[in-house]
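A short write-up of the structure that comes next.
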Amino acid sequence: LYTSSSNYDHENVHLWRDNLRHPCHPLEDCIKIWPQKPTRYREIVATYSIEAKKLGLRILELLSEGLGLGSGFFGDKLSESLLLSVNHYPPCPDPSLTLGVSRHCDPNLLTILHQGDVYGLQVFKDGEWIGVEPLHNAFVVNIGHQLQIISNNKLKSAEHRAVTNSRVARTTVAFFINPSDDCVIEPDKSLIDTDESPAYKPFQFKEFLLNYSSLMGNPEKCLEPFELHA
């Protein structure tokens with residue numbers, strides 16, 4: 001459980017949020033360390049985690065088909081690690097002074113976000129921040145850095161942030177699908193065109209996370225150590 005973020009001592013601006021996060025795989029082991037209150041938290045979140053995983057793997061399977069990769073390409077180690085993150089953003093007296101979440105791209109493979117009914121999500125596109133209005137009973141799906149790397153930049157990770165408001169609280173639930181720590185990530189050879197070179201060198205996912213954390217998710221810098229330049 002965090003207030004602001006896990007990099008509190010190094011933030012330029014503290015975030016206006018409370019954050020609860022925990023692993024979800026393997027479920028039978030992880031559930032033992034989850035909160036026991038509210039009373040049915042473990043039961044409800046276990047069911048949610050199972051269904052969110054099914055949805056995420058289905059989306060990854062469709063992406064694999066669209067990219068011309070084989071069935072089950074994103075299975076096993078590429079989608080082995082699952083993480084749930086709940087953000088609660090209380091009303092902020094002066095939203096101009098802070099953010100709910102700073103600008104970043106997700107470091108993982110795929111994110112399934114339930115953003116509730118209160119506006120706060122913004123995506124950076126063509127030099128401006130564009131608001132993503134909540135849709136009832138809908139999810140936002142974010143492509144993470146690992147999909148960008150595996151696709152050799154054919155898919156792009158989405159830079160986004162969360163803003164606050166002074167009127168109502170906002171609560172979101174993000175389900176992150178990650179590779180295992182020791183999974184080797186690199187552009188798939190079938191997605192490198194004949195007139196292209198690999199845009200990234202191979203690396204273990206834990207290397208990427210360490211670099212990402214040290215840069216606090218800086219979108220301009222976190223890919224640089226892994227890029228190959230022709």
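Note: Cβ is positioned from N, Cα and C throughout, glycine not excepted.
Bear in mind that TrEMBL entries carry predicted annotations, made automatically and left uncurated.
The annotation domain 'Fe2OG dioxygenase' is assigned in TrEMBL to 78-179.
Residue counts for the domain 'Fe2OG dioxygenase' (78-179) under DSSP, helix first, then strand, then coil, are 11 helix, 43 strand, 48 coil. Taking the domain 'Fe2OG dioxygenase' (78-179) as a whole, pLDDT averages 97 in the prediction.
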